[in-house]
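> Taken from Swiss-Prot, the feature ATP binding site applies to D39, G40, E41, R98, Q99, supported by sequence analysis. The Mg(2+) 1 binding site annotation in Swiss-Prot covers H133. The feature Mg(2+) 2 binding site is assigned by Swiss-Prot to D172. If you look up Swiss-Prot, you'll see K195 marked as active site, on the strength of sequence analysis. Taken from Swiss-Prot, the feature D-ribose 5-phosphate binding site applies to R197, D221, D225, T226, A227, N228, T229.
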Amino acid sequence: MSYDSLMVFTGTANPKLAHDVVKYLNINLGRANVGRFSDGEVMVEILENVRGNDVFVLQSTCTPTNDSLMEILVIVDALKRASASRVTAAIPYFGYARQDRRTRSARVPITAKVVANMLTSVGVDRVLTMDLHSDQIQGFFDIPVDNVYGMPILLGDIWKHDYQNLIVVSPDVGGVVRARHLAKRLECDLAIIDKRRPKPNESKVMNIIGDVRGRTCVIIDDMVDTANTLCEAASALKREGAASVIAYSTHAVLSGKAVERVQTSDLDKLVVTDTIPLREDASKCNRIHQLSVASLLGESMLRISNESSLSSLFIE
């Protein structure tokens, strides 16, 4: 593929991110009419020639999740029927990813696999995503999946602020690998919060493994949803004598009363990226700060289109 053939289209989920990405690429955003019929069905019309082009559909499957997902599927179908040479679904925040396995023989779906099947069925040739909730989701696809990492963006902000007496904290055992990687890059200590989760979207902090007294604690996670876990973790760290608690998370889901919880919690600052657009109350919250991943996504798209290495973006 040549650079001249690269095109980017988007739906209604995160148009600002799409505009920032094409600005980085120095191209125009693909023209398409994405709307609704009178009964609420998704309506799509591609308004320019895409025949033979390398096309990316940039859309996070964030709230409204089902509409965002349906828009991707319908846009991809329209592009394939218009003879696009290759269509990559660029999904920075991959929704439905938290149900990635059956637990204890429960009668539940594996929604991450369902979404993978849906994307494949409409003719997606490749998937580009960022900080998947679990890496094994890549194996649910029979097409190439590029899962890029927001760590360089988050790490750059940490270096910029030059926090003193730093310690990286994993909010749970499942996030230890991510936290250990960050601690290695920062050449600092690692702490782990041991917790028990009595029911979905609720967690109880039980124990902190590591000495956080007098330290600047940086919590790292892939997403912040209800912020229950995050705020409880901040309180536990402060009780153990932490000087300050700063959280870094790629995906700002921030559902329900999450923003209110953050504002009234022991958390000093929450830093997120723009894979998901911030709600109005989150934008006004002085404890929530947003970084852009547009350059990282744009460079990833360019390298995919040019058949260049993506992994070299993340080599230490």
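Just so it is clear, glycine is given a Cβ too, placed from its N, Cα and C backbone atoms.
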> Can you tell me how spread out the ATP site is, meaning the largest CA to CA distance among D39, G40, E41, R98, Q99, in Å?
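Binding-site diameter by Cα atoms for ATP: 30 Å.
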> Including all protein chains displayed, how many Cβ atoms other than that of A227 (D-ribose 5-phosphate binding site) lie within 10 Å of its Cβ?
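A227 (D-ribose 5-phosphate binding site) is surrounded by 27 other Cβ atoms within 10 Å.
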> Would you count the other CB atoms within 10 A of the CB of Q99 (ATP binding site), including those on all shown protein chains?
16
> Which one is closest to D172 (Mg(2+) 2 binding site) in space, judged by CA to CA distance, out of the recorded positions D39, Q99, K195, N228?
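Among D39, Q99, K195, N228, K195.
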> H133 (Mg(2+) 1 binding site) has how many other Cβ neighbours within 10 Å of its own Cβ?
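Taking all protein chains shown, H133 (Mg(2+) 1 binding site) has 20 Cβ neighbours within 10 Å.
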> Out of R98, H133, D221, N228, the binding-site residues in the record, which is closest to the residue listed as 'active site' when you go by Cα distance?
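That would be N228, nearest by Cα distance.
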> So of all those binding-site residues, D39, G40, R98, Q99, which one's Cα sits nearest to N228 (D-ribose 5-phosphate binding site)?
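Result for N228 (D-ribose 5-phosphate binding site): the nearest of the binding-site residues is R98.
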> Would you pick out, from the binding-site residues D39, E41, the residue whose Cβ has the largest number of other Cβ atoms within 10 Å?
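That would be E41, with the most Cβ atoms nearby.
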> What does DSSP assign T229 (D-ribose 5-phosphate binding site), in three states?
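It is helical.
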> Mind giving me a neighbour count for the residue listed as 'active site'? Other Cβ atoms within 10 Å of its Cβ, every protein chain shown.
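The Cβ of the residue listed as 'active site' has 18 Cβ neighbours within 10 Å.
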> Measure the Cβ-based neighbour count of D172 (Mg(2+) 2 binding site), defined as the other Cβ atoms within 10 Å of its Cβ.
18
> In terms of Cα spacing, which of the binding-site residues H133, D225, T226, A227, T229 are within 10 angstroms of R98 (ATP binding site)?
H133
> If you count other C-beta atoms within 10 angstroms, which of the binding-site residues T226, T229 is the most crowded?
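Output for this query is T229.
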> Spatially, which candidate from the binding-site residues D221, D225, A227, T229 is nearest to E41 (ATP binding site), comparing Cα atoms?
D225
